[in-house]
Each structure stands twice: as structure tokens, then as C-alpha cells.
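Undergrad: In case it helps, Swiss-Prot gives these features for our protein:
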DOMAIN    91-235  domain 'THD'
MOD_RES   Ser2  phosphoserine
TOPO_DOM  1-35  topological domain 'Cytoplasmic'
TOPO_DOM  57-235  topological domain 'Extracellular'
TRANSMEM  36-56  transmembrane segment
Amino acid sequence: MSTESMIRDVELAEEALPKKAWGPQNSSRCLCLSLFSFLLVAGATTLFCLLNFGVIGPQREEKFPNNLPIIGSMAQTLTLRSSSQNSSDKPVAHVVANHQVDEQLEWLSRGANALLANGMDLKDNQLVIPADGLYLVYSQVLFKGQGCSSYVLLTHTVSRFAVSYEDKVNLLSAIKSPCPKETPEGSELKPWYEPIYLGGVFQLEKGDRLSAEVNLPKYLDFAESGQVYFGVIAL
């Protein structure tokens, strides 16, 4: 029932009352009727406002139907947590050179800054891939010498021995020469340093073996840790 209808009913009720001479009793009745009419109109108006603004009555479901925003936020959080957990389970290896051996490049998986995790293995100086997938392969060496009594050519190579074929295939390779020409006899022999860094992404198979080698290990500089290393990271 609308507010206008309720007011109209009150007015009709007042007109239907018998018109009598105004006296003390009739004045009291009119006052009570007026007060009742006012309270009725005020209550109806308040009820209409509460219903119109949704304070009472059935709630509007269009604000968050089925709690989709909350569920979506929770799903996104769970996805991010799952993604970070999966990243920590991926195979990874970082091996360093053994500085205690002379004129050879031997990799160590134990010690400072060395790491083998989640299935990676170091066997016969080669890193063994534990599962199929994309891998970041990288390696760095640092050569050091004193003068150039002869022409020096330095190479650094990362090779793959695949399960599907036994041939050795070079994945990464670089060649450098610190001495473009020989140092004349009697001249001052100046020290030289030559770093080589290799890196790339490759599709590898389970059981593949990777090696990192140099042609002249006698020139390797093991004076500082972190100068010669070899690593693989699953993507």
C-alpha cells in the first residue's frame, strides 16, 4: 500500500464521522484522531523509505553474485603460490672449478657457491639432465698470461651428448686471442686477461650430458672464486 493511498483513507474516514456540535468531548476525539493520523502517515513514510533504500527487505544480489570477486581473489592467490612452489622444484646446477688441480678443468658440485638440486647430477665431469624441457645453459672461464712468446688461440666450448644420438654436438663456443702478434725478444712481457662467457636456452632430453671445456687449461685463472663456473637452470 502506498503512502498516498493511506492518506486518502484517513481523509475519507474523517469525512464519514457524524458532524456534531463541537463540545469538550468532540474536541478530545478530534485531537486523538489527528494524532493517530499523524503517526500513521509518519510510520508509512518511514517504512517506504526503508524499503526504497534497501535497508530492510530482500538484499540485492547484484553486488557480489555468488561471491565471485572473493573467490576470484582466492584463486589468484592460490595460483601464485602454486607457481612459486613449482619454480623451486625445477632442476638447477651450478658447479665451480677445482683450483687445486693444475692444467685441467675439473668441476666441483660441493663447496662454496656450488649447487646441485632437484635431480641434477655431476658425473664424469659432466652435468646430467634429469627431465625433458627447456634449460638455460651458461659457463664462464677466465684466462691469464704473461706476454706472448707465440701466437695464442683460446677456446671455450659447451657440448652436448644426447640420448637420441651419441655424437658430441657443440651447443656454445667462442674463440679469443689475447696476443694478435708475438712479443719481440727483449721486450717487456705484460700480463693479459681474457674472459669468455657463454649462455643460451636449449631443448634438452632426460639423460643428456653437458660438458664445459677449454683447449688450454694451463692459462686458466683460479686466483679468485667465481671466475670459472658452469651451470644449468630449468625454465
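Glycine residues also receive a Cβ, built from the backbone N, Cα and C atoms like all the rest.
Describe each of these features in terms of where it is and what it packs against.
TA: Across the domain 'THD' (91-235), the DSSP tally of helix, strand and coil residues reads 3 helix, 75 strand, 67 coil.
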Undergrad: Please work out the mean pLDDT for the residues of the topological domain 'Cytoplasmic' (1-35).
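TA: Summarising the topological domain 'Cytoplasmic' (1-35) by its mean pLDDT gives 55.
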